[in-house]
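Student: Please find one structure pasted underneath; my questions will follow.
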Amino acid sequence: MKPSIYGLTRDELIAWAIDNGQKAFRATQIWDWLYRKRIQSFDEMTNISKEFLAILKDSFCINPLKQRVAQESADGTVKYLFELPDGMLIETVLMRQHYGQSVCVTTQVGCNIGCTFCASGLIKKQRDLNSGEITAQIMMVQNYFDQRGQDERVSHVVVMGIGEPFDNYQNVMTFLRTINDDHGLAIGARHITVSTSGLAHKIREFANEGVQVNLAVSLHAPNNELRSSIMRINRSFPLDKLFSAIEYYIETTNRRVTFEYIMLNKVNDGVEQAQELADLTKRIRKLSYVNLIPYNPVSEHDQYSRSPKERVAAFYDILKKNGVNCVVRQEHGTDIDAACGQLRSNTMKKDRQKAAAART
């Protein structure tokens, strides 16, 4: 399968064009066709010579994704299941916010982080997505708007879908540069958030990139014993290593870090844990923020359930009394396969059942 041209940054596309005997402005024209006019076929590039179009077609495809499923929620959230060229499945989510249209992208096929409450890890990591496959998710959603004549654009991006973004670091960084490019989609860096489960060395590397992209850390527990029991990654990067990296990030960038905290009933949502969390984040209070997330139950993880509103409220109150900036996250798509990885997992089950039925 040819690589997607979406996998190149503008500078890389210019270098490729020059290597193929073209002037730099040809690459700029191609970039404009891809991201401003958002064409679906190289043949639509009317100011590119037939000879160079032939080279383009021989070298690249445009969009490598095929839509398998689109579930639309009553609140306007759309959950997509896309098929990759090798038949693997990934999820992408469009969330309609009051401040714009936000898209959550996937960075890996499956996940090896091993969080015990998460649907994404039900299927182990098969491979990384390349940068073109990540960018194509944004283009698929933008095409959804364009084809309906909707004067809307993808304005915000969260890299929080299936997989650990920092375990696919270079492809994610290429993706970020592509969607942020002022000559293309021009999605503002401060409108982009990358979430990590806590790869401390990559947080340090990200701090040194000099980008204005937001960082979120999936914390979910305020002490090592509890965090290691629900997030295997904590055994490799315990809280002292993680917070050392976070403090380095804050000192280097002077940017705020968001902590994501899924509320699991009678697991991590007690008043003791709330106080521990307040104490844990005390040193970085001015540049940190806690996002309390209602849990979307997963049938394969039936040992967990959603925290009742009263426990969430008590947890929230303790954080606020300790001066912690925090919010309970607004839910989206609760009437569809809402948990990350759930649509993919359910579709794969159905595919297996159909295949088994066909053999009998």
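The first residue you see is number 1, and the count goes up from there.
Cβ atoms are placed via backbone N, Cα and C, with glycine included.
Found this in Swiss-Prot, in case it helps:
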- E91: active site, proton acceptor (ACT_SITE)
- 97-335: domain 'Radical SAM core' (DOMAIN)
- C104-C340: disulfide bond (DISULFID)
- C111, C115, C118: [4Fe-4S] cluster binding site (BINDING)
- G163, E164, S195, S218, L219, H220, N296: S-adenosyl-L-methionine binding site (BINDING)
- C340: active site, S-methylcysteine intermediate (ACT_SITE)
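Distances, neighbours, how buried they are, the whole picture for these features please.
Tutor: E91 (active site, proton acceptor) falls within a strand segment according to DSSP.
Per-residue pLDDT, averaged along the domain 'Radical SAM core' (97-335), amounts to 96 for this model.
Secondary structure at C104 (disulfide bond), taken from DSSP and collapsed to helix, strand or coil, is strand.
According to DSSP, C111 ([4Fe-4S] cluster binding site) sits in a coil region rather than a helix or strand. Every protein chain considered, the tally of other Cβ atoms within 10 Å of the Cβ of C111 ([4Fe-4S] cluster binding site) stands at 26.
Within the same chain, residues at least 6 positions away in sequence whose Cβ sits under 8 Å from that of H220 (S-adenosyl-L-methionine binding site) are C115, F117, R227, I230, M231, E260, Y261, I262, L264, N268.
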Student: Are any of C104, E164, S195, S218 (the recorded positions) within 10 Å of E91 (active site, proton acceptor) when you go C-alpha to C-alpha, and if so which?
Tutor: C104
Student: What Cα-Cα separation, expressed in whole Å, is found between E164 (S-adenosyl-L-methionine binding site) and C111 ([4Fe-4S] cluster binding site)?
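Tutor: Between the Cα atoms of E164 (S-adenosyl-L-methionine binding site) and C111 ([4Fe-4S] cluster binding site), the distance comes to 7 Å.
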Student: Sort N296 (S-adenosyl-L-methionine binding site) into helix, strand or coil using the DSSP assignment.
Tutor: coil
Student: Could you say which of the binding-site residues C115, C118 has its Cβ with the most other Cβ atoms inside 10 Å?
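Tutor: Per the Cβ count within 10 Å, the most buried is C118.
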Student: Within 10 Å of C111 ([4Fe-4S] cluster binding site) (Cα to Cα), which of the recorded positions C104, S218, L219, N296 do you find?
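Tutor: Those close enough: none at all.
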Student: At 10 angstroms around each C-beta, which of the recorded positions C104, L219 has the fewest other C-beta atoms nearby?
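Tutor: Fewest other Cβ atoms within 10 Å, among the recorded positions C104, L219, is found for C104.
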